[in-house]
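Colleague: Among the features that TrEMBL reports, transmembrane segment is placed at 12-38, 44-67, 79-97, 140-162, 168-189, 210-228, 248-267, 279-297, 346-368, 374-396.
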Amino acid sequence: MRLDDLLPEEPAVRRMAVATLVNTMGNGIFFTLSALYFTRIVGFSIVEVGAGLSIAAGVALFAGVPIGHLADLRGPREVQVALVLVIAALTGLLLLVTQWWQFVLVTSVIAVLDRGAGAVRGALIAGLVQGAGRATTKAYLRSVTNVGMTVGTGIAAIALHFDTREAYLAVLYLDVASYVVTAVLLARVPHVPPRPAGQGLAMLTALRDLPFVAVVVVSSVVTMQYWILELAIPLWVVNETEAPRWLVAVLMVINTVIVVVAQVAVAKRVATVEAAVRANLVAGELFFAACAVFGLSGRVSAVLAATLLVSGALLHVAGELAQASASFVLGFELPPEEAMGQYQGVWGMTFSISSFLAPMVIALLPLALGGVGWLLLGAILLGASLLTGPTVRWAVRSKESRLAVEAPTGRQG
C-alpha cells in the first residue's frame, strides 16, 4: 500500500493529513527521546520527570474547553496555526531547561496548548468536512499518525545510537522544526469562518451538558483499552509468561500495521450514531475475549504463550478499530454545530481521564491478580461498552430537545 492510498481525496483534508504526518514524526522523536534526555543528559531523576509530567497533565485536563471555545469565536485554522507555532517555541525552550521547576512550568504550558490544539483540530475537521466524512477523515488522520510516529521513532534511533548530548539535541530540534513546518502546512488549509456573533454558546456549556459528559465518562473507561498493549502486555510478557521478550515488539508492529491498513475501511462502515453504538458493543466483546486469551498465556510453554499472545493481540486490535471508529462518530455527531470547538475539548478529556485511570486499574488487576485480573479488566471494558448505548441515547434526546426549543426563534446570544 502506498502512503497516497491513506490520504483522502479532498485537497483540504489531504493538506491536514500531510501536516499530521509531519507533526507526528516530530512527536515520535520526542516521545522516544524526551524521558532519556531529561534523565541521562539533563540529570533529572525518573521520579522528577514522572511527577513533572503528571503535574502537566493535571494542569491541562480542562484546557481543551476554553481553547476550543476560542476556536469557535476566532476560527479554528487561525487558532491552530498560532498554537502550533507557540508550541514550537516552547519545545525549543524546554530543551534549554536545567532546573526541575523550569521543566514543570514549560511542560505544563505545552500540555495546556497541546490539549487545546486537539480540540481545535476537531473543530477544524468539522468545519472542512460534513456528515459521515468527518469520522472518515479522523480515521485517515489516525492511520497517518501511526505512520508518522513509527518514522519518528526510527529517526530517534540515531540519537540513541550515539547517546551523546549533541546527538539528542540535534534530533530533538527536528521535533521543533516539525512544528514550524506543520504550521506552514496548516496555514494552507482553507479558512473556516468563526461562529457569527450571537450564534455561539457560553464557554462552559459543554461541561454543563450532563448527557454528553456521561458519554465522555463511559467512553473514558472503554478508552483504557489503549493501555493494554502499551503498559499491561510488555510487563505481562516479561514477568508472567515464558514467551520471548522480543514478542512485545512483534505485537506492537502487528497493531500498528493493522491500524494503518484497516482503520479507514472500518470507519467507513460506522457512519451513524446507531452504528457507533453497535460498534462500541462489538469492541467491548472483543476486548473481553482478548483479555481472556491474554490471561491464559501465563504459566504455559513459550510456544503456546506466544500463540495466545498473538491471538489476543489480533482480537484486541479488531476491538480497537471498532472502538476508535465509534469514538470518531460520537465525537462529531453529539455536539451542537455552533459549539463544536468547546465540545471537542470536552470529548478530548476521554483520553485524559483514561490516562489517569488505566495505570492504576492495570496494576491492580492483570498485573496483580493474573488470569482473574485479566477477566475483571475485560469485564470492566465490556460493562462500559454496554453503558454506551443508554448514555448516547440520553445525549441524543437532549440534543433533539434543545434543537426543538431553538427552532422557532433561532439562537439567542
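Quick reminder: no glycine exception, Cβ is built from N, Cα and C everywhere.
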Colleague: Looking only at the recorded stretches 12-38, 44-67, 79-97, 248-267, 346-368, which one has the largest tally of CB-CB distances under 8 Å to the transmembrane segment (210-228)?
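Modeller: Between the stretches 12-38, 44-67, 79-97, 248-267, 346-368, 346-368 has the largest tally.
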Colleague: State the non-local partners of the transmembrane segment (12-38) in its own chain: residues 6+ outside its ends, Cβ under 8 Å from one of its Cβ atoms.
Modeller: 3, 6, 44, 46, 49, 84, 91, 95, 103, 124-125, 128-129, 137, 140-141, 144-145, 147-157, 159-160, 168, 171-172, 174-179, 181-182, 185-186, 188-190
Colleague: Please indicate, using numbers and ranges, the residues of the same chain that are 6 or more beyond the transmembrane segment (168-189) and have a C-beta under 8 Å from a C-beta there.
Modeller: 12, 15-16, 18-19, 22-23, 25-27, 29-30, 33-34, 36-37, 41, 77, 80-81, 84-85, 87-88, 91-92, 95, 124, 128, 152, 155-156, 158-159
Colleague: Do any residues, 6 or more residues outside the transmembrane segment (79-97), come within under 8 Å Cβ-to-Cβ of it, and if so which ones?
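Modeller: For the transmembrane segment (79-97), the far contacts come to 23, 30, 37, 42, 67, 70-71, 103, 106-107, 109-110, 113-114, 116-117, 120-121, 124, 169, 172-173, 175-176, 179-180, 182-183, 186-187.
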Colleague: Considering only the recorded stretches 140-162, 248-267, 346-368, state which has the highest number of Cβ pairs under 8 Å to the transmembrane segment (279-297).
Modeller: 346-368
Colleague: Quickly jot the same-chain residues contacting the transmembrane segment (140-162) by Cβ under 8 Å, restricted to those at least six beyond its ends, or write none.
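Modeller: Same-chain residues near the transmembrane segment (140-162) but 6 or more away: 3, 6-8, 13, 16-17, 20-33, 36, 125, 168, 170-172, 174-175, 256, 259-261, 263-264, 324.
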Colleague: In terms of Cβ proximity under 8 Å, which residues at least six beyond the ends of the transmembrane segment (346-368) contact it?
Modeller: 57, 60-62, 64-65, 115, 118-119, 122, 206-207, 209, 212-213, 216-217, 219-221, 223-224, 226-228, 231-232, 235-236, 239-240, 291, 294-295, 327, 330-331, 335, 374, 376-377, 380
